[in-house]
Every structure is written in structure tokens, then in C-alpha cells.
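One structure is given below, encoded as C-alpha cells.
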Amino acid sequence: MSIQTLIEQATIPPSGSVSSSPFDTDSFNEAVMSTYARFPLALERGAGCRVWDTQGREYLDFVAGIATCTLGHAHPAMVEAVTRQIQKLHHVSNLYYIPEQGELAQWIIQHSCADRVFFCNSGAEANEAAIKLARKYAHTVLDIEKPIILTANASFHGRTLATITATGQPKYQKHFDPLVPGFHYVDYNDIGAVEAAISELDEGDYRVAAILIEPLQGEGGVRPGDVAYFQKLRQICDETGVLLIFDEVQVGMGRSGKLWGYEHLGVEPDIFTSAKGLGGGIPIGAMMSKKFCDIFQPGEHASTFGGNPFACGVALTVCQTLERDNILQNVEARGEQLRNGLKAIAAKYPNYISEVRGWGLINGLELQADTQLVAADIVKVAIDEGVLLVPAGPKVVRFVPPLIVTEAEVDTALKAVEAAIATVTK
Ligand SMILES: Cc1ncc(COP(=O)(O)O)c(C=O)c1O
């Protein structure tokens, strides 16, 4: 079945079900903690790559829950999987064998370099698991008393205490100290910095035990990794025993046009993490390990919800649908169309736009450093033009639509973006 047919089959909001008055943001803000600077928009329905607000206005969704809704909204395969699984069995403890968990793990293993999988509920949790595994590996295999994990400046790994510490951006750490010890930051794509850190930090009980890094930095501004840098990283890790951990939470699960970001770099990690697109919007996270699979013993790591029948049953459907409908081909074609269109816009605004970059359907449009313009200015006006976008840092507008986005939808988004840029640069 074609992607277009699937979208057409998706639920279109019934007319007459919308509210004529604006959403009451004040009541919302009185009840919900202000952890997000929200746009004044309340979304209540979706179908394919489109969402509708409470007043019935339609938007093209190029945010996809921040690179999460792999199959868009109300995809028939997901509707079927959610319904089937909730009717059958939605949650039991990991004290028992869960068939859907085993099947999802087998799918991931068959489609990656992984040998074994641990399931949790989010990207931060998957990275926490990787950090714990790396520390135990350091203590028990490498015999390091005080293991250090190298991470990159401008990285993003989550919001728990360990993962904000791993995140190489002070703005996420401010006011939350004392942070977790054992992390050290190096510049991304700079192999000299890694070599220097490994030798300088080898002192007394301290030693570098692992490198945790994104194949493409998402939140840090949609910055793809250099092939030569990652190949040298792999070589250093092979020579020293340092674990190479890839955070595939944003770039993985087909978003880059390949199933895993590391496939762009010609290297395989020892450990990698996934979340976001894995469940297509149903909360799930996973940590995959190659070789070092027996580090965790029963009782050393766990999660009540992690790997439950509901999340795994739906995620398995997302994975199988990606494969069955050959969606990665669409990601490559639509990604190229989007980048070419954005580059054509950038050529018209050289004083404002410095670069367009990305892989597959994770792309960024970077604004010139010396303009007053920030990404949020474009995002706000794009909403008025009917397209949802999200910044990746102050100067980069990010484009992460569902992987089923059509040629016509990319064209519509490009027109809206161009109109938004024309408005903000007037
Ligand atoms: C690369 C990366 N790692 C980890 C996370 C954290 O994921 P979650 O919000 O599911 O905890 C994110 C979220 O944006 C991410 O982009």
C-alpha cells in the first residue's frame, strides 16, 4: 500500500467538532509546570503529516513531536497495533517473559550491529543505561577505579542528572549542580581533542572508559559527524578498550535515510541508544549492546514500564511498517528535495542564511551569526503560514517531518518557509 493511500485512509477530523473560542492557556499554565516556553497553539488532532488545533486550523507538522512520529499521526498500522495490543495485554512485569519484547529485540538485532537489547521508556533513560553499563564495564573489565566518559560540546543526551551532565551545554546544567562526576567534554569532530583527553586524563585512579557521542548532533544544531573523525574514534577505541557509545535517539530509526546514523559513518558502535522514532510516538527507549552483553546481571538495572507488551507491540509495528513500505527510500528522496529547496531559498538570502545541512529527514537551516535574526523568529512566523518547525539551538531552524512526508507536502512547507523568511527579513 502506498504512503499516500495510508494517509488518505487516516482519520480526518470530523467537521463541527472544533471550538470557536481560543484555548484557555491561562488555566493550562496554572495547572502545568512551566518547563516549556510554549507556542500559543493547542493541538488536538492529527492525520498523516497534518495536525489541527482546537479551533480547527490545519498545520503541516515538520516537527513530528521532535523527530518522533515516524509514521505521522493516526497511521492505520499504528491504530491497528495500539488497538490490538491494548485489547490483548498492555502491561505485565519484566519478572515474566514478554513475547513482544523478545520479537522487538530480535528485529533490532537483525537490523543493526546489536547483539542484545535493554528496554526502557525514553532517550534519557536509554543513555542512563548506557552510562551505567560503561561504568560497570570500566570497573569490572578495564579495572578503572574512577572511569571518565568523554562527551562532545554542543551535544544533547537528556534531562536526568547524569544525562544533563553528559550533555555538553552549560545552559542545561545551570542551577542543577552538584552534577554527576566522571564526565569530560571535547569539541565535536575534533580528533586531536579526543586523543589529548585520553592521554591527559590517564592519571592515578582516573582513566577514560567510554566516549558517548551523537552520529549527528541534533539539538546542538543538526551537525553531521565527519566520516574521518568517526573512523579514527573507532580505531582509538579498538586500540585502547575505550567503549564507543552512539546516541541514536534523534538520528536513528530511519530518520537519516539509513536505519541508524552510524551507517553514514562507516563504523559500528559498541553500544547505542534509541528512543523517539522507535515507538513512533509511543514512549519507549532502548539500549543496544554489541559484545558487552553480559555486563548487567539480574537486579543491576531495571524499569517497571520498560519493554512492556504495549510499547513493544506498537514499536514492532512501526519497525515492520518502515521496512514493508520501504519508507527509507522516501526519507532519502524527500530529504534531498527538502535540502535542495532550502538551499535555493538560502541562495536568495545570503545575508541571513549561512548553511543548509543534514541527512535524510533531519535537516537544519543555519542563520548568519551576525544577523539579529534567531531561529525562533522564523518558527513563529511559519506557524502563521501553516507549518510547524522547531529550532535546534538559537540560530538553526530544524526540519524533522514524519518519515512518510510526501513530495507535495515538502513543496508546501518550502513555500511557507520562504514566505516566513521573506516576512522576518523585511
Ligand atoms: C540525541 C538525544 N539524546 C537523548 C535525548 C533525550 O531523549 P528523551 O527526551 O526521550 O529523554 C534527546 C532528546 O531530544 C536527543 O535528541
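Even glycines carry a Cβ here, placed using N, Cα and C.
Predicted automatically and left uncurated, TrEMBL annotations should be read as such.
For the pyridoxal 5'-phosphate site that TrEMBL gives as Gly123, Ala124, Asp247, Glu248, Val249, Gln250, Thr304, the extra residue drawn from Phe156, Phe176, Phe230 is Phe156.
If you measure from the Cα atom of Val249 (pyridoxal 5'-phosphate binding site) to that of Lys276 (N6-(pyridoxal phosphate)lysine), you get 6 Å. For ligand 1, the nearby binding-site residues are Gly123; that is, of Gly123, Ser303, Thr304, these have a C-beta under 6 Å from one of its atoms. When every Cα pair among Gly123, Ala124, Phe156, Asp247, Glu248, Val249, Gln250, Thr304 is compared, the largest distance found for this pyridoxal 5'-phosphate site is 25 Å.
In terms of local Cβ density within 10 Å, Lys276 ranks first among the recorded positions Arg159, Lys276. For Phe156 (pyridoxal 5'-phosphate binding site), the number of other Cβ atoms no farther than 10 Å from its own Cβ, over all displayed protein chains, is 27.
Mapped onto three states, the DSSP output places Lys276 (N6-(pyridoxal phosphate)lysine) in helix.
Checking each of the binding-site residues (Gly123, Phe156, Gln250, Ser303, Thr304) against Lys276 (N6-(pyridoxal phosphate)lysine), the C-alpha distance stays within 10 Å for Gly123, Gln250.
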